[in-house]
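**Student:** Let me give you the structure first, and then I'll get to my questions.
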2 protein chains.
Amino acid sequence: MRHNFGAGPCILPQEVFKQASQAVLDFKDGLSILEISHRTPEFEAVVEEAVKLVKELLNVPEGYSVLFLQGGASLQFAMVPMNLLNEGQTASYLETGVWANKAIKEVKNFGTANVVASSKDANFTYIPKDYSIPEDSTYFHFTSNNTIYGTELMTVPVTKVPVVCDMSSDILSRVIDVSQYDLIYAGSQKNIGPAGSTVVIIKDSILGKTTNKIPSMLDYKQHIDGGSMYNTPPVFAIYVAMLNLRWLKSKGGVAEIEKENIAKAKALYTEIDRNPLFKGTCAVEDRSRMNICFVMENPELEKPFLKFAEENGMEGIKGHRSVGGFRASVYNALPITSVHALVELMQEFAEKHQK
Amino acid sequence: MRHNFGAGPCILPQEVFKQASQAVLDFKDGLSILEISHRTPEFEAVVEEAVKLVKELLNVPEGYSVLFLQGGASLQFAMVPMNLLNEGQTASYLETGVWANKAIKEVKNFGTANVVASSKDANFTYIPKDYSIPEDSTYFHFTSNNTIYGTELMTVPVTKVPVVCDMSSDILSRVIDVSQYDLIYAGSQKNIGPAGSTVVIIKDSILGKTTNKIPSMLDYKQHIDGGSMYNTPPVFAIYVAMLNLRWLKSKGGVAEIEKENIAKAKALYTEIDRNPLFKGTCAVEDRSRMNICFVMENPELEKPFLKFAEENGMEGIKGHRSVGGFRASVYNALPITSVHALVELMQEFAEKHQK
């Protein structure tokens, strides 16, 4: 039995794998999902359903468009200022990790980035709290979940300026109020689907205010007009995302999965706090529900524990090199039984090494 | 029995579908290809093999890089001038269809496009021949195969300026001399693999000459440095492309598939020219080996023939709306038996309707 705690691309539901595997052999009349035209009514229905499911699951209000694009969050780092920021204007950014930092770096080609606060001083182990967002910012950007460090910002900072959020690693894991955001983007490869597509949820009214020259493929407006089919979309990636969104709906939707996510995170953090061999790496109040980072009191035990865990079916729990130790990513599709299995291994290991 | 003549995304080998389907269930130790990290040694080996196979199959010389990117040819329309053309400079383009035209349109954000020749006057049914490419062009761009109209330019126009080619729909279908090109790009969804990745073959020495501000994700140099893993790549799309490239190698490579492609095209064009009910739409000398366009002498018979063909297993043979009639796309993976089956239906239909 394998337990996939990988940080992304990550585990998806087993039934999604089965359906996807079948569609690679036969999606329609004996034709593979990999060989059908994106202009067939059958695939157009897939895109339509995927968009509808995102809207339904996140309760997206009127006036917003949902897009399936390519290029990951990394391309959004550039598309956001390209579509929203004029030369001479300033956008405010909250620096909560490497990904936020990469987003900040891409602003310079279009305007100015104003970093309102940073937790770089403590290796991004907390979310900065006391800062103000200048009211003349064109927009405010933050990363809701920081995969590498295991911090998460679950509330939207109070501001009058438009809010842009990189929600790559916690979208669909908890109930959000989309009306508090003007633009949400997320690489799909955590809770949406496999790597290869990117979801953008955008308030239509924030567009059309820049004088930048925007290449067609980087223009949100073009993709909205094209219904995510401005050009050939990543057919299979969208198809599997649709299957995964269907699965989430069948589980009871975001509110239900949030309960499970709370239970999974609680089970693991409780063990980290209880077990004298382990300790968490982040400020307790900023702990992520998606990526749970921890180290060992005695760093010399980390290698043996990693070996022990891997030998017992744990996959992808090595921490990111910039943090060290361990990272258990507990995305939507990871069953709570996997968390229990990890907790048991931590206890077993402690019994052996605690003398 | 279905015969998939679709223009793209298109047929791939049945054994590739089988292998891909299996990997969705179990790629490594029970984990799906859809849930493994792109940083695992197993997936890094996939990217490495895919790049190596492109180099081997196309005999790519030293000094060129091969990239797997996202965004299709449409994103390349912008990335090419962004990376190569300074403001005030001019690039020359050959206008052979809608796709060439889209590429031309994206130049305006960066410099000037000089259209050296166009076959728009005759709905792009031929490839312009008598034109000259100004020697002060920063580069010359052409589309080697025009999917919609069924024309193909198999030789590289003689010029001293760097040559950029959109080879989306005929790459790997025939032997080419890569050293005659400075940049080749191709959306994968014809002869490379499924939709969702884009191959770029680039002469390293043409980079670094522009003063444009290039976002990281749109900078060829960044992708070269990152080994196509600057950010999370489209894992599954690259994996299936690798399987398909392996298949092509096992078939004897590009020279062998070219022989088959010649035979397939010959079989169908011969019937089009012979059968009094049908006629080709393009200049004979510019006929594409990949997309074979034809209409009927009596347009009233087109609907009945389409119905007859579809009832007998023919998929995707309806012509593009801007040309009408029929289009049989006969990419690498389409077996010659499918062409024979179509030819038989054309003959059978003619026998019934020729009185």
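Even glycines carry a Cβ here, placed using N, Cα and C.
The domain 'Aminotransferase class V' annotation in TrEMBL covers A:4-339. Positions annotated as L-glutamate binding site by TrEMBL: A:Arg39. Residues or ranges marked as pyridoxal 5'-phosphate binding site in TrEMBL: A:Ala73, A:Ser74, A:Trp99, A:Thr147, A:Asp166, A:Gln189, A:Asn231, A:Thr232. Among the features that TrEMBL reports, N6-(pyridoxal phosphate)lysine is placed at A:Lys190.
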**Student:** Three states by DSSP: which one describes A:Asn231 (pyridoxal 5'-phosphate binding site)?
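**Tutor:** SS state of A:Asn231 (pyridoxal 5'-phosphate binding site) = coil.
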**Student:** Comparing the binding-site residues A:Ser74, A:Thr147, A:Gln189, A:Asn231, A:Thr232, which residue's C-beta has the most other C-beta atoms within 10 angstroms in this structure?
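**Tutor:** Compared across A:Ser74, A:Thr147, A:Gln189, A:Asn231, A:Thr232, the most Cβ atoms within 10 Å surround A:Gln189.
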**Student:** Go through the recorded positions A:Arg39, A:Thr147, A:Lys190 for me and flag any whose C-beta is under 8 angstroms from a C-beta on chain B.
**Tutor:** none
**Student:** Pick the one among the recorded positions A:Arg39, A:Lys190 whose Cβ has the fewest other Cβ atoms within 10 Å in this structure.
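**Tutor:** Comparing Cβ neighbour counts within 10 Å for the recorded positions A:Arg39, A:Lys190 gives A:Arg39.
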**Student:** Can you tell me how far the Cα of A:Ser74 (pyridoxal 5'-phosphate binding site) sits from the Cα of A:Arg39 (L-glutamate binding site), in Å?
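**Tutor:** Their Cα atoms are separated by 28 Å.
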**Student:** Measuring Cα to Cα, tell me the gap between A:Arg39 (L-glutamate binding site) and A:Ala73 (pyridoxal 5'-phosphate binding site) in whole angstrom.
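**Tutor:** One finds 26 Å between the Cα atoms of these residues.
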**Student:** Cα distance, A:Ala73 (pyridoxal 5'-phosphate binding site) to A:Lys190 (N6-(pyridoxal phosphate)lysine), nearest Å?
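**Tutor:** Here the two Cα atoms are 12 Å apart.
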**Student:** Counting across all protein chains present, how many other Cβ atoms fall within 10 Å of the Cβ of A:Ala73 (pyridoxal 5'-phosphate binding site)?
**Tutor:** 24
**Student:** Any same-chain residues 6+ apart from A:Asp166 (pyridoxal 5'-phosphate binding site) with CB under 8 Å of its CB? Would you list them in sequence order, or say none?
**Tutor:** A:Ala73, A:Gln76, A:Trp99, A:Ala100, A:Ala103, A:His141, A:Phe142, A:Thr143, A:Ser144, A:Tyr185, A:Ala186
**Student:** Tell me the coarse DSSP state (helix, strand, coil) of the residue listed as 'L-glutamate binding site'.
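**Tutor:** Looking at the DSSP assignment, the residue listed as 'L-glutamate binding site' belongs to neither helix nor strand, so coil.
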